[in-house]
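According to Swiss-Prot:
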- 4-169: domain 'EngA-type G 1' (DOMAIN)
- 10-17, 57-61, 120-123: GTP 1 binding site (BINDING)
- 178-353: domain 'EngA-type G 2' (DOMAIN)
- 184-191, 231-235, 296-299: GTP 2 binding site (BINDING)
- 354-439: domain 'KH-like' (DOMAIN)
Amino acid sequence: MALPVVAIIGRPNVGKSTLVNRLCQSREAIVHDEPGVTRDRTYQDGFWRDRDFKVVDTGGLVFDDDSEFLPEIREQANLALEEAVVALVIVDGQEGITTADESIAEFLRSRSGKTLVVVNKCESPEQGLAMAAQFWKLGLGEPYPISAIHGVGTGDLLDQVVNLFPSKDLDEVSDSPVQLAIIGRPNVGKSSLLNSICGETRAIVSSIRGTTRDTIDTRITHQGKEWKLVDTAGIRRRRSVNYGPEFFGINRSFKAIERSDVCVLVIDALDGVTEQDQRLAGRIEQEGRACLIVINKWDAVEKDSHTMSAMEKDIRSKLYFLDWAQMIFTSAVTGQRVEGIFALATLAVDQSRRRVTTSVVNEVLTEALKWRSPPTTRGGKQGRLYYGTQVAINPPSFTLFVNEPKLFGETYRRYIERQIREGLGFEGTPIKLFWRGKQQRDVEKDMARQQKGVRN
């Protein structure tokens, strides 16, 4: 199952970015909440009480009718709330209830979903309860006083957030159709590919960029498996997109990536990999989606016996974000190899949903440690990798318990990821590793409990 998502909602200047940094123990969020500065949703990883989750910050939500970005901001907030398990509404305890807070509360009351009111800037625990009491008037339930900058009350808040998460179940796989999103720049042949797959004219096919301005869903059955195919609007640089219907189509395209089980990234064989293709590859990897790369218009390429291998090498060097993805060369016009898309997509989805027992994970880690020990600092302190366990699927996610995460640099982390992939497979899907610090005595207790459970 995918990691649960926590949405951060609120007006500007209430400390949302500071809270994100506090919850995720990072400094990645830009602490500058001028209205309109952050309109895109940004994601960071969080961890509390043995639960991994995603935190999405939508930026400052305003309802000023004069705001140029009002439709865009509302769209981003709606998308964040749709995917969130729980929404945290951030308000300013020192300033009190404002008209903007009331507008946001009214906006949220019209929606279903779990919501917690978080009263920030309550630096004193004693005064915090009194400052928070007035926010009962918003009608969103109990307010939680915190100080994002000092960490006061954030532990209690996280306890409540985690309690609202669905129970962990690695076997939970939806019976709904497999969602396959067809992603790519404008005019690379996405709609033609969809029509070729379905054997009918389902999407408008045109050489004019931007013909498909919305996502188009098509349900089909292939070899007994139900599929939901999504043809998305062509995605290009935001500065080249005029504000209007095309903008919202691109937003829904990004949403299609987030909600898909597998993405088909379509590359134009005549153009090769562009900067925008690389951005899309990065987005797919960032969202943790299974993926296959389709090189379309292969019929239009002049080629010899070496062309395919040379092009694959060139494409893989540029799409390094997706070095784990399978690749297939197709022609939507002639139907060449289009049927093979289903086989590769099925493999990618199955791998993204696969789970591995803790004992098998640790066999791979033990072997990796034999070949290459963790690095040692100049002061003589060495990293220790105690054990690992799979905590989620779609994408396969593993928590690795170590003495101090900061002792493991990016080079060694990439080495461990490669060893896990080589030892366990996972073709066509990214894998996520979460490095968590833990005391040796706690590790020994965990291992003892696991061994006892096996004996019982």
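FYI, residue positions are counted from 1 along the chain as it appears here.
Using N, Cα and C of the backbone, Cβ positions are placed for all residues, glycine too.
If you measure from the Cα atom of N187 (GTP 2 binding site) to that of G10 (GTP 1 binding site), you get 38 Å. If you draw a 10 Å sphere around the CB of W298 (GTP 2 binding site), it holds 22 other CB atoms from the protein chains shown. Note on proximity: of the binding-site residues N13, T58, L61, C122, the one nearest G184 (GTP 2 binding site) is T58, by Cα distance. Within 10 Å of its Cβ, the residue among the binding-site residues N13, T58, N187 with the fewest other Cβ atoms is N13. Mapped onto three states, the DSSP output places C122 (GTP 1 binding site) in coil. Summarised by DSSP class, the composition of the domain 'KH-like' (354-439) is 32 helix, 22 strand, 32 coil. In the shown protein chains, 29 other C-beta atoms lie within 10 A of the C-beta of K190 (GTP 2 binding site). Proximity note: of the listed binding-site residues (K16, T58, C122), none has a CA within 10 Å of the CA of K190 (GTP 2 binding site).
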